[in-house]
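Annotated features, as they stand in Swiss-Prot:
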type	residues	note
BINDING	THR152, GLY173, ASP195, ASN234	S-adenosyl-L-methionine binding site
Amino acid sequence: MSYRELVVELAREHAEALSDALLELGALSVSVEDADADTPDEQPLFGEPGLVPERTAWQHSRVIALLSPDHEPAVLLAAAANEIGLDATPKFDVREVEEQDWVRLTQSQFEPIPIGERIWVVPSWHDAPDPDALVLELDPGLAFGTGSHPTTRLCMEWLEQSVQPGQSVLDYGCGSGILAILAKKCGANPVVGIDIDPQAVESARQNSERNRAEVTYGLPDACPAGEFDIVVANILSNPLKLMASMLASKVKPGGRIALSGVLARQADEVAAVYARYVDISVWREHEGWVCLAGTRRESH
């Protein structure tokens, strides 16, 4: 079976947002390169370990997305471009790629990730740097959420500070299950994870078993009735806006909600939609992304 690479060249200010949108919409992997590499205009690499980059992408960037055979490159790119607010779909090329052991190639790039005050996300082939910390064992896979993306990190930091033992938590758009697993390890009970992708649901179940975290997972139609003390949703801004009424209704009066997958420039628009139901504001910003957090107003 052959895969396809979608290759897009575009300006720096759109490269990271486009790569994130492509991942959310189903790309197997996405990388950003210097489109001027091996030319006189080539710029130094960014993001070397231990360094804080002065910019998030090269001036002239090349985004390369690996797609499964069932994805139509033009359709996926158009959806991603629309999601990040581009006026038109960028020009692109498509290359055929023979199947390789992508999992092993990807694993070689992952190291333990420290998050917040006491969290470590550790691949199974590594030992935890601090065994006494709050350790989540998680291997990269097709489901979104390894702790490396700013939105996942923001939600994890918020959960670490917010979850109290015995509180009920709903993770809507659970991906790999990383947020649901963390909530359980912070003492939440019960914890429910919901995703539209059956593969993500299965991945999340396996990750929970590996972490000995009892979480109930399912597709949207399996979402239990009733309200939760905490609802967290790390998805894209458009789905968040469309599901505002439903997500807010899952929060108990006085309960809390956290939303991410939202670019800083999208924060006001998303907050305005949720303001009908909850008192909400930007909790924290990181690398151009925000986590919105709020409290559902008490019923009268």
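Backbone N, Cα and C define each Cβ position, glycine as well.
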Report task. Check the binding-site residues THR152, ASN234 for other C-beta atoms within 10 angstroms of each C-beta and report the one with the most. Result -> ASN234
Query raised in the report: 10 Å Cβ neighbour count around GLY173 (S-adenosyl-L-methionine binding site)?
Result: 26
Query raised in the report: What does DSSP call THR152 (S-adenosyl-L-methionine binding site) in the simple three-state scheme?
Result: helix
Report task. Would you mind checking how many other C-beta atoms are within 10 angstroms of the C-beta on ASP195 (S-adenosyl-L-methionine binding site)? Result -> 25
Query raised in the report: How far apart, in angstrom, are the most distant Cα atoms among the S-adenosyl-L-methionine-binding residues THR152, GLY173, ASP195, ASN234?
Result: 15
Requested in this report: With H, G and I counted as helix, E and B as strand and the rest as coil, say where DSSP puts ASN234 (S-adenosyl-L-methionine binding site).
Outcome: strand
Query raised in the report: For GLY173 (S-adenosyl-L-methionine binding site), which DSSP three-state class applies?
Result: coil
